[in-house]
Amino acid sequence: MRTVVGLMSGTSMDGIDAALLRTDGIARVEPLAFVTIPYEDGFRAALRGVLGGKGPVEAVERALTDAHADAVRRLLDEAGVAADAVDLIGFHGHTIHHAPEQRRTWQIGDGPRLAAATGIAVVNDFRSADVAAGGQGAPLVPLFHRALADSLPRPIGILNIGGVANVSWIGAAGDGGGAVVACDTGPGNALVDDWVLRHGGGRFDAGGALAASGTVDGAALAALLDHPYFDRPTPKSLDRDAFDPSPVAALSPANGAATLTAFTAETVARIVPHLPAPPVRWLVCGGGRHNATLMGMLAERLGVPVAAVETAGWDGDALEAQAFGYLAVRSRLGLPLSEPATTGVTAPITGGRFHPVAA
Ligand SMILES: Nc1ncnc2c1ncn2[C@@H]1O[C@H](COP(=O)(O)OP(=O)(O)OP(=O)(O)O)[C@@H](O)[C@H]1O
Ligand SMILES: CC(=O)N[C@H]1[C@@H]2OC[C@@H](O2)[C@@H](O)[C@@H]1O[C@H](C)C(=O)O
């Protein structure tokens, strides 16, 4: 067992999730502490400005890395754990460009700088090896989900609704320890977040209240769904801004929110025929599980129980950060981070780049 910190800066750009856990990188996971450090509006704008790899990437990368070092200090202070009791940091960084078909994925985050600032060895750059080997480079949380889901009824769908939404389908226990099939399903909250921000309603649709007050526009929803991504078989992955929200542009704030929320729910439902068998149950993590309107739309469309991962005793805000702590340990052990059915890579492959603390 190792004591590790996992750090995630997700596509919704809300801030840094930092988790402390003990894990063997295989079957054992013991969460210890978790904090979220929201980004300041100014930094969020700077981050948005380098999406796509444009603008002052190096300066933003340094600031992002320093913000992660602060997050580690805050996490360890809160947990009452000294830095020298931590073996490793798994540092996802922030995705500013993702184009696996061009064998390109780019997460900013300076590993040596974070190791120097914290005095803890770092693993970063989790996605490049998979993409270089022909994989999608995402999603990478499925092997962690499988470790957690060991005792749950299966097949199960574990759905993460962040800026982008992704599913891990985990098969029955007899099935070689549980086969995993994964992909990004479509948009998560990013389109709704952008819509709400543009209409002066804050950074997101709290509780899904705005969407609940509107009506789904069938024609706009059909136009949004008219995209080749949804017919593509798994595995497949998305960049944050893969979808064009212009079909809702002329709608009222409430109807636009309702339609974009339905778009997320509908695209999750459309993944079911691509899975080996329909899940008997769905567990939802990521910020989208706080959106009651979205959760209701999902339950309606999926027709089986849909609940937040808290019903299984997990922390739905912490899971991604925990996953990158777990994957950092797997990286050090040379174990796979991805498999053909999770990213489309030709064979199970490890990944990550190790940065020891300089002597
Ligand atoms: N109370 C709430 N009501 C509705 N939506 C919420 C609430 N709290 C959070 N969210 C949504 O969750 C989002 C953040 O989710 P999360 O932190 O899981 O995303 P992320 O990790 O940045 O993204 P990704 O998983 O794509 O990398 C917010 O942008 C918002 O849309
Ligand atoms: C390229 C990239 O950063 N993808 C993220 C993004 O956010 C959600 C979804 O799209 C998922 O594919 C992935 O993150 C999670 C943590 C993953 O790799 O499993």
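Don't overthink the numbers, they just go from 1 along the chain as shown.
Note: Cβ is positioned from N, Cα and C throughout, glycine not excepted.
TrEMBL does not curate its annotations; it predicts them automatically.
For Gly10, Thr11, Ser12, Met13, Asp14, Gly15, Ile16, Asp17, the entry in TrEMBL reads ATP binding site. All protein chains included, Gly15 (ATP binding site) registers 19 other Cβ atoms within 10 Å of its own Cβ.
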List nothing but the one residue from Asp14, Asp17 whose Cβ has the fewest other Cβ atoms within 10 Å; the candidates are the binding-site residues. Asp14
Report the binding-site residues (Ser12, Met13, Asp14, Gly15, Ile16) that meet this criterion: Cβ distance to the nearest atom of ligand 2 under 6 Å. Use sequence order and write none if nothing qualifies. none
For Met13 (ATP binding site), the number of neighbouring Cβ atoms whose distance to its own Cβ is within 10 Å equals 20
